[in-house]
């Protein structure tokens, strides 16, 4: 933790150099290794502020069709990807099964997702299945620069780096899409920004695009709006509402990563803290369960009476945000909505209140209302800002209201394997579907596919499924091999 600040790193650098100089010290070899690591850390942190857009970089093969922070980090990124592969059994199984067949041969996939080691495993799997890929980031803070470098070194056209500006964000998406002689025929989106950009700038591209795969609640909402207005030009697959995404990624991923994100950024102790979680969908359920287990006093806000009743039955007190805003220590949004925490609530928060968002979009907290002359912004560490009122009160704002876990920490690889496998199968399904199977509408994944994704992950736990007898299957009216749930089951 002490290496968070530049000053601390410089001091440690001096201490280690002194220790290494003292040859009689038995810990000299250890300090020597630490010195090397700190020097690398110091170099990385003090890297020039030149925008990647102004750099000319090429990989070892002479290819320069990418824009990332630093291609020299490729080896480090490759090791990150190799670690992730160990926790993504289903994608690795798909690769093995694709050795003889290429279900995505001819597919040109343009993607806009978080660029992490787990996404890299997905991209390399799509490539092994026969697809060409071009990729941008869906979040300006979540890109792992070393992973982007490894992908660029591997020949992928990646346009992303951690800490992009808003202008950089849209520039990267445009570079992904706008390449002479290359026309995408599949879209893999997370949040709908890529789809929106193509609709806005290159609508003629949809003449050759076979389908859209979308994994976030925000992006799915946009697709349903397009469909309702009769403006959806191609079939779209709603991965967000698949069982494998809702029940695993949204719930279990957030249950683990909420604590990681808060602890890394604030070093807060959770025991006894009063926390309000806005929204009790799968993400909210995961956050509440984790915080409750750590001894926090958890309140929930909710608009849906069904989710509200679930919160009550799970032992949480259902409140309006206005009722507890003055007393809580932490505010977490996870609704997928906009203006959940507005300036009125921010003004009433107690000194030191931590404010963060676990939803995909940065619309839940009204951060724009805090950029006024009377308020002072103070950067504490990466992704952590103090916003200070004239009377000295301050709140701790994380990731400027953007997605906390992927902006400030990491997420469990195994859970992302489930979502990534679902995305890959959705791409295969839409790309290979005969003409007429899917119309210009939004579809859910067939339950058979959900169950297949789950089954690919069971061997990791040495799990053994019970099989129905013929008599049992007939009694239930099911096929012995599934699907075991109706298509409307969520």
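Note: Cβ is positioned from N, Cα and C throughout, glycine not excepted.
It should be emphasised that the depicted structure is a prediction, and the values quoted were computed from it without experimental measurement.
If you look up TrEMBL, you'll see 116, 190, 215, 245, 249 marked as substrate binding site.
Residues or ranges marked as NAD(+) binding site by TrEMBL: 281, 282, 283, 284, 285, 286, 302, 405.
If you look up TrEMBL, you'll see 250-411 marked as domain 'S-adenosyl-L-homocysteine hydrolase NAD binding'.
Per TrEMBL, region 'Disordered' is recorded for 44-65.
Taken from TrEMBL, the feature signal peptide applies to 1-21.
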- Message: Whole-number answer please: how many Å between the C-alpha atoms of residue 285 (NAD(+) binding site) and residue 249 (substrate binding site)?
- Response: 12
- Integer Å distance between the CA atoms belonging to residue 215 (substrate binding site) and residue 286 (NAD(+) binding site): 18
- Note on the structure: Same chain, |i - j| six or more, Cβ under 8 Å of residue 405 (NAD(+) binding site); the result in sequence order is 253, 254, 257, 258, 260, 261, 358, 411
- Task: May I ask which of the binding-site residues 282, 283, 284, 302 is closest to residue 116 (substrate binding site) if we compare their C-alpha atoms?
- Result: 283
- Looking only at the domain 'S-adenosyl-L-homocysteine hydrolase NAD binding' (250-411), mean pLDDT returns 95
- Query: So how many other Cβ atoms are close to residue 249 (substrate binding site), meaning within 10 Å of its Cβ?
  - Reply: 26
- Note on the structure: Across the binding-site residues (245, 285), the Cβ with the fewest other Cβ atoms inside 10 Å is that of 285
- Task: Between the Cα atoms of residue 284 (NAD(+) binding site) and residue 249 (substrate binding site), find the distance and write it as a whole number of Å.
- Result: 12
